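Heads up, the thing below is written out as structure tokens.
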Amino acid sequence: MAQPDPEPMSSGAGQRLGAPETLGISTLDPGHRPPALPPGRHVTIRVRMLDDTEELFDISQKASGKMLFDLVCSHMNLIEGDYFGLEFQNHQKMMVWLDHIKPIIKQLRRPKHTTLRFTVKFFPPDHAQLLEELTRYLFALQIKQDLSCGRLTCNDSSAALMVSHIIQSEIGDFEESQCRSHLLNNNYIPDQMPLIDKIMEFHSKNIGLTPAESDYQLLEVARRLEMYGIRLHPAKDREGTRLSLAVAHTGVLVFQGHTRINAFNWSKVRKLSFKRKRFLIKLRPDLNSSYQDTLEFLMASRDCCKIFWKICVEYHAFFRLFEEPKPKPKPVLFTRGSSFRFSGRTQKQVIDYVRESEFKKIPFERKHSRVQYSSRVQHNSRLSPLPSPRHHEVPTESGVPGDRVDSPARRHWKESVLVSAEDPSVSRITRASPSHQRNGHDDRAGSVSRTEERRGSTRQAHPEHLNTGVISNSPHLSASSGHSHAMVNGQKSLDLCSHSPDGRQPSPLTSPLLNDACSVRTDDEDEVRRKRFPTDRAYFIAKELLTTERTYLKDLEVVTVSFQSAVGQDEVTPDSLKNTILSTFEPLHKFHTGFLREVEQRLALWEGRSNAHIKGDYQRIGDVMLKNLQGLKPLTTNLNKQSEVLLELEKACKASRKLEGLCRDFELQKVCYIPLNVFILRPLHRLIHYKQILERLCKHYPATHVDFRDCRAALADVSEVVEQLQGSLIKMENFQKLLELKKDLMGVDNLVAPGREFIRLGCLSKLSGKGLQQRMFFLFNDVILYTSRGMTPTNQFKVHGQLPLHGMTIRESEDEWGVPHAFTLVGQRQSVVVAASSLTEMEKWMEDIKMAIEMAKTSNGPSSDLLTTNLTDNKCLEDSSVEAESEDDMTAPHTSLERPAPHRGNTMVHVCWHRNTSVSMVDFSIAVENQLSGNLLRKFKNSNGWQKLWVVFTNFSLFFYKSHQDDYPLASLPLLGYSVTIPSESENIHKDYVFKLHFKSHVYYFRSESEYTFERWMEVIRSATVPSSRARVLNSKEPHPH
């Protein structure tokens, strides 16, 4: 096909390929040119870029800081420039940010002798919010700088891992001699020599990663570090203790050394101010908080205070506001306070602008920084905007390495390019600078074809915009027009946001608590997906098998990998425990790894990713399940060992205080998102899931269906195994629950005793001399314990008393005491009046207590005293003591989303305490049978876009992940107390398969991909939010655990 004639070079230094000349300005509205510069004498400003090259910009002295910043962003073709800023050292030798509103002449005393640094100013919590690959590359350069200067501190493993991604992007795949030589010649971190072997080990695992993927992984590691994006400002508290203040997207942070010791979220901060040397944080009133109303920090000088106050104002506006704040009207007579305000677009405006703009048609492809491409240098060639690192090889245009070039551009890499803002059509080059160049037409076309082949979709290139007159001797980024024009709520969405470097769709999840700025899954993509993928109900049942198997395999890895490395390798761990865990879980992990691989392959064929689906041979799953369930039968002995593992672990923890501490510390790790003992019982619960999936398939298929016979045979096999293990499963679930409750209670002995069965736990208000007080009650088949959450550093519940069930009676007493939903427990030694939060709660408690009393009459259950000697009879102690056990211990987290504590503060006991509800053993048994996982789209009440998340439902909670490959969830949402409904018409959710979760003022919308998945999510969530019927479980489980 004939190539179009190359267009002449358009004006503007560093013009973005294929874009109109008016675009490429970071902080201007679409279609606007840079403002005309004010008349006056021009001055040359030197700007040092993120790769340490320097550029010269010719600009009027009367121009504002914003004009200079726009010129820098235009030169680099940087669209998301609002994340960056220009900083310089003022006359007081302090680093300050260039003010966008003030004229340059009022900020730079000696412009010719001042070097401004172009650096990252605002660090978002997730690099997925950076929609352009160019922006992510610049962030990667910033991380590289912070590592090198020691500002980004971390442990050796994280440092080595980040350096491995940096050198992967620079020199490509691992080659031992080349890698070692490169590390000896280049220092990326302080004291790098001892870590060279570890860096090389990590680098050897990065084979195949492109530079863009390496940048992505580098940012993924960096953003999880505590010092990511932190700029410390020295200060002292009122006692004179040396501290440092910093600001982040969440609020103001306090550090001691490099350890964060406190954080003040924006939602809790009422006002930030400074007075002379004092920096003041005024908090919103909180009766439960131990903080004073106003916190005071002493800084070195008033200027230090003002500099930090300014960056706090800008951070708050950028991340928290929807639009740029309006300037206040100038007072007529007197001024009070600072007139400083944030100038520029907020993060939301930046993201909306990039989505709406046309730049998404021109993505960039990163190249290894040691690789350059040579092309014919035309007479009118100009420099591309992006600076390149040093040490380059120069391949030919076809990508074959050529001879090394010792050109003036290489010899003078630190020299400058002078760009005039007065006449953008004339780019006066004084000296060559090795800036990054965009590829020419040939490379771009190749990039487009590769993109089309990889994504399997039809894209349209725009050859009329291609420019063949661009130097291509350092193409870290090559232009490509391979982006689709997807829509998000009527807005065009950037393709870079919806595809991670490894070809998979990354999640936009920053946290359920953060905004939904980067929406990955788009409406048009949903429609295409529904048309392309099968719509048969059997397909979605099989897909549920796939998604839950992925989660199950990750849960097995918690035991086989994470627990073994954290606890199993310690010398205090008995060999018998190591051998039991190894022999039980390793064969299961190996088997299910192969099973998952087969399911993934079958689903890929079913979805039509090969020609096999034309014959219909692979639109079934029963044969795969039958084959693997028969292969699982020899491992039934491993499934019977779960109780043995629980007993061995409990025995070892009793014998060794250190091992008990190791297990407790492991449960505090993010990877252990539910109690450890629950992971141990996962293989038994998984068999029940297989049975449920096969029952749905058999119910769906007609008897003549090709898959019906295999499904029925597989169902018979798994039902046989489940029936054999049912009795032991009920006992182990009860044993596991007792062990879990033992960790939550303080002041109790012998909770785990033969014959004791757990029935219900939850909140009731106990009537005492001081009125109604919130207490946590625990009902067993022989005794009732009542506790409160005390001011303890362990987040445990302090036991106040016990009520033996033998001889107990119960009666309603609402009329007697005038307290709604009250009932009285009359024991042989004492009587207790309690009140439930609702009529439903009262009925559940009374039903279970009456049943437990009847069981106590006929059973020979445990009769040992549960309480420690000093708490055996503490009715008087509780009633007479000062209420030291605060009802709300603010030092402990209220949900799993807040700061960690020495003991798990997110167990079901704590959730029941804060939601003022109760849960029975019946509910726990149903919950483990109703596990589910898969992709959902989530939307907040006041947001516009939908975010794609990997969601796991288990243990009465939703756990949110970026993708199914993540090792641990970023956040969780306990569902007790929530209601699940379908949105009403007035809520304007005009989408299919949407359900709504709401609790008080908290509202979330979730959207599934099909009618079947919608029904399943509604079913499992209702199992956690709707009270269960005891009769239902009695019919479904025999013998009953109680």
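Quick reminder: no glycine exception, Cβ is built from N, Cα and C everywhere.
Quantities reported herein were computed from a predicted structural model and do not represent experimental measurements.
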Inset, instruction - Among 580-602, 856-878, 879-901, indicate the range for which TrEMBL gives the feature region 'Disordered'. - result: 879-901
Inset, instruction - Any chance you could find the range in 43-323, 757-854, 929-1026 with the most Cβ pairs under 8 Å to the domain 'DH' (537-728)? - result: 929-1026
Inset, instruction - Go ahead and report the DSSP secondary structure tallies for the domain 'PH' (929-1026): helix first, then strand, then coil. - result: 19 helix, 41 strand, 38 coil
Inset, instruction - Could you put numbers on the helix, strand and coil content of the domain 'PH' (757-854), residue by residue per DSSP? - result: 20 helix, 50 strand, 28 coil
